[in-house]
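Residues or ranges marked as N-acetylserine by Swiss-Prot: Ser2. What Swiss-Prot lists as phosphoserine is Ser26, and the listing cites a large-scale study or a structure entry. Marked as transmembrane segment by Swiss-Prot on the basis of sequence analysis: 88-105.
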Amino acid sequence: MSFPKYKPSSLRTLPETLDPAEYNISPETRRAQAERLAIRAQLKREYLLQYNDPNRRGLIENPALLRWAYARTINVYPNFRPTPKNSLMGALCGFGPLIFIYYIIKTERDRKEKLIQEGKLDRTFHLSY
């Protein structure tokens, strides 16, 4: 039984298991991968020791999660790229509600003023004539 030759899709990159570069790597690259794996395993072990400590007090601080949250929330402007869509959404969200509320108040006052001038509105508690 023969299998058809794998044809890579134009929409997706080649899987690592089918990439020839995965198996033909230099010793330096292998050493760097092993060092990264060792660091990752050490950090995971430290985290699990803190997580499963029965005498734990307070929260466990994950430095990677703190860096991610800082970059995501507090440090927005160095990573922000202004586009026409961002500008339009900012203008709509900033000035849109103000213009909408102004329009509602203005039309309501104009309608009331017109009714007062025609004498159709009963003003029982008016302060001025």
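Glycine residues also receive a Cβ, built from the backbone N, Cα and C atoms like all the rest.
Cβ neighbour count for the residue listed as 'N-acetylserine': 4 (other Cβ atoms within 10 Å of its Cβ, all protein chains included). Of the recorded residues, Ser26 (phosphoserine) and Ser2 (N-acetylserine) place their C-alpha atoms 32 Å from one another.
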